Ligand SMILES: CC(C)(COP(=O)(O)OP(=O)(O)OC[C@H]1O[C@@H](n2cnc3c(N)ncnc32)[C@H](O)[C@@H]1OP(=O)(O)O)[C@@H](O)C(=O)NCCC(=O)NCCS
């Protein structure tokens, strides 16, 4: 009980800190159409369209569909072993611009869209991703949720706000879904904290369930239910 109140108190202080922390600007570049970023010999189509309208406008970020203009910023943020370490192997490392184009093509070809970009609120630059993996057959009322954020943006409360709002959005837009679940690899304490702050509860630990780069790890399952379930 004492521990819990201390935790709440310190969380509040940390949230204040998040609110004051400015977004990094020195490394930041305004999003530009892909055609300006790619050389003339680029094998990829030019993308001159405006970014899609956000599905969520939050204090720390926007969440919207991906577009080809996101390839360069997505690759720049995603090309980081400290991110890839906690993701499935489908998230490549190194993460090149061509990987981003492939991902954008996959993510924008489903109907409805399940995978979105987390973007800066000031200029819509893609700085991370958040997405859904619907389960099928008898598990169709469950959706798995996953997310990542560029390292220069960590520790500002962005993932917590994005995950909380996107979870609510998912329940609102996928009426059949009653259960959201997330898988976390052993040692990923910041993601565990994000899940707890976003209303997810620890459910199970699958022992030695994953191997990443030769390292066998436990997998923890966190879940959040639709109100009333
Ligand atoms: C996990 C991730 C999305 C978190 O993003 P973020 O925007 O920095 O998260 P937030 O700022 O909202 O919250 C992070 C919390 O973790 C805490 N934290 C950070 N490092 C920690 C550590 N080593 N141990 C415990 N808590 C830690 C922070 O203090 C913060 O909690 P607080 O607000 O109570 O202080 C980001 O680190 C990331 O992309 N990691 C790599 C990919 C990944 O792990 N994806 C999830 C796969 S399940």
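Using the three backbone atoms N, Cα and C, a Cβ is placed for every residue, glycine included.
All annotation found in TrEMBL is predicted automatically rather than curated by experts.
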Looking at 1-52, 53-104, I want to know which stretch TrEMBL calls region 'Disordered'.
1-52
Segment confidence, the domain 'N-acetyltransferase' (70-222), expressed as mean pLDDT:
98
